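Trainee: Feature table excerpt (TrEMBL):
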BINDING   B:Cys51, B:Cys54, B:Cys57, B:Cys109  [4Fe-4S] cluster 1 binding site
BINDING   B:Cys61, B:Cys99, B:Cys102, B:Cys105  [4Fe-4S] cluster 2 binding site
REGION    B:145-192  region 'Disordered'
COMPBIAS  B:152-163  compositional bias 'Basic and acidic residues'
Amino acid sequence: MDLVVRVLAVMAGFLVLPLVVGQVEHKVMAHMQGRVGPMYAGAFHGWAQLIADGVKFVQKEDITPKDADRTVFQLAPIVALFPYLIVIMTIPLGPGLVGASLDIGLFLVLAVLGIGVVAVLMSAWSSANKYSLLGGVRGAAQLLGYELPLVLSAASVAMAAGTLSLPGIVEAWQPWWLIWQAPAALVFFVAGLAEIRRPPFDMPIADSELVFGYMTEYSGLRFAFFLLAEYVGIVVIAALTTVLFLGGWHGPYEQQLGWLWTLLKIFALAFVIIWLRVTYPRMREDQLQRFCWLILVPVSLGQLVLTVAVKSLV
Amino acid sequence: MSETPGKGLLDGLAVTLKTLTKRATTQQYPDVEPDLPPRSRGVIALSEENCTVCMLCARECPDWCIYIDSHKEEVVVPGAARARQRNVLDKFDIDFSLCMYCGICIEVCPFDALHWTPEFEYAETDVLSLLHDKTRLGEWMRTVPPPPAHDVLGEPSKEEATAARKAAGPGAATAAKTARPAAVRPRPGADR
């Protein structure tokens, strides 16, 4: 019974949170550009726009190109979406409020996030399209590169907390970690942005040169899965940054209102992700790789040294 | 690289955040009527009784989108030596799928038969329906804004000036004499 409730709660969060973030993105992006965004769907300020989009996607024809590798092509969107579901399962909302409390939660999360690159390569190769392939190869290079700073900065906070369990990390968290772990937090957040291929790290999609990258040949429901994966990705990266670096449920009345603090922090970070997307132009492929290998990786390595040094002193 | 690194990035973030707090400039057109200037160039109206079929508009139109047809009618004036003829307008069409809204036809019309009106909602699903005939062009006359008032400091119109002169009798002041006070030319070297 308890398990059923937990799974249902995680599924609800998995389906509702991305839609809220997507709607917020529509409206925030519009107003940042001096527009009003969707206004008609659902009558009040277009609140039902994403539901209408979903209905539209379901009605569309599900096309598989003739030369495509059918099985792989049709499986790729699921592979893109499913890892995020597992990640959301392990994220603690409040004290004791977690889908699945694992001792090696962080390890599992990082391992599962790495599956994203497989989905990208699957969709790219099976589409039998040059744009898809180029986008996929770019995506693979980007995801493999940014995996390193992501894991290193997460390792730093795991060392500081002395545990790999996500609730354990939140419990061990102290407010002064905000300064101590600040470089790791920045690196994790930025690398996370690159992992979910959000602008300014959307070189694999790059609609002005690659049509839509590895998603070019997708339509209908499978394309909607890819889009949903992007929004779930925002939630996941915001939630992981919250849990690892911003103290998760810590805040006033955390025993009762812990879940509220976690959600507030997640939405604040989601807003920042949207804000960055509106503000910055896409990074070029070489800039993207240089930024990863020459800035993020050294910074995260330096943070590891700092963490060990402070840890041995305290 | 004279400024601090990262300043541009922060400035960019500030711009988008500032725009977020301002009101959107979107005009909610189908819901809210646009606030157009009163003499906007929306569509051309025809005042049929003013038209003398002189064809100036049709000939000046750069893309030949005005089609005029007419026939002659005899007008018998009692007491005149012979019957006179006048042109009667049969067809006056403007094809708004070709019109480029330059307004030359309106400029060139000597009898004020053509006018701009600010109406603009005459889109059609069939391009052929954009050919407005003289009835349709005549209906637009209701929407023509009244002409702007005369400049109070300007010269009076020729008709007014002639009537006033005739009323005052020969040798009285003419419009040219009364329009402006005579310019007083300063004597050279007076202010030195």
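Glycine is no exception: its Cβ is also placed from the backbone N, Cα and C atoms.
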Trainee: Can you give me the Cα-Cα distance between B:Cys57 ([4Fe-4S] cluster 1 binding site) and B:Cys102 ([4Fe-4S] cluster 2 binding site) in Å, rounded to a whole number?
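Mentor: Cα-Cα, rounded: 12 Å.
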Trainee: Using DSSP, break the compositional bias 'Basic and acidic residues' (B:152-163) down into helix, strand and coil residues and give each count.
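Mentor: So the counts come to 6 helix, 0 strand, 6 coil.
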Trainee: Neighbour count, 10 Å Cβ-Cβ cut-off, for B:Cys51 ([4Fe-4S] cluster 1 binding site): what number do you get?
Mentor: 22
Trainee: Would you list, in sequence order, the residues of this chain other than B:Cys51, B:Cys54, B:Cys57, B:Cys109 that have their CB within 8 A of the centroid of the site's CB atoms, where the site is the one recorded for [4Fe-4S] cluster 1?
Mentor: B:Asn50, B:Thr52, B:Val53, B:Met55, B:Leu56, B:Ala58, B:Cys105, B:Val108, B:Pro110, B:Phe111, B:Ala113, B:Leu114
Trainee: Quick check: with B:Cys61, B:Cys99, B:Cys102, B:Cys105 left out, which same-chain residues have Cβ atoms within 8 Å of the centroid of the [4Fe-4S] cluster 2 site Cβ atoms?
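Mentor: After dropping the recorded site residues, what remains is B:Ile44, B:Cys57, B:Glu60, B:Pro62, B:Asp63, B:Cys65, B:Ile66, B:Ile94, B:Met100, B:Tyr101, B:Gly103, B:Ile104.
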Trainee: Rank aside, I only need the closest one: which of the binding-site residues B:Cys61, B:Cys99, B:Cys102, B:Cys105 has its C-alpha nearest to that of B:Cys51 ([4Fe-4S] cluster 1 binding site)?
Mentor: B:Cys105
Trainee: List nothing but the one residue from B:Cys54, B:Cys57, B:Cys99, B:Cys105 whose Cβ has the fewest other Cβ atoms within 10 Å; the candidates are the binding-site residues.
Mentor: B:Cys54
Trainee: State the count of C-beta atoms found within 10 angstroms of the C-beta of B:Cys109 ([4Fe-4S] cluster 1 binding site), not counting that atom itself.
Mentor: 20
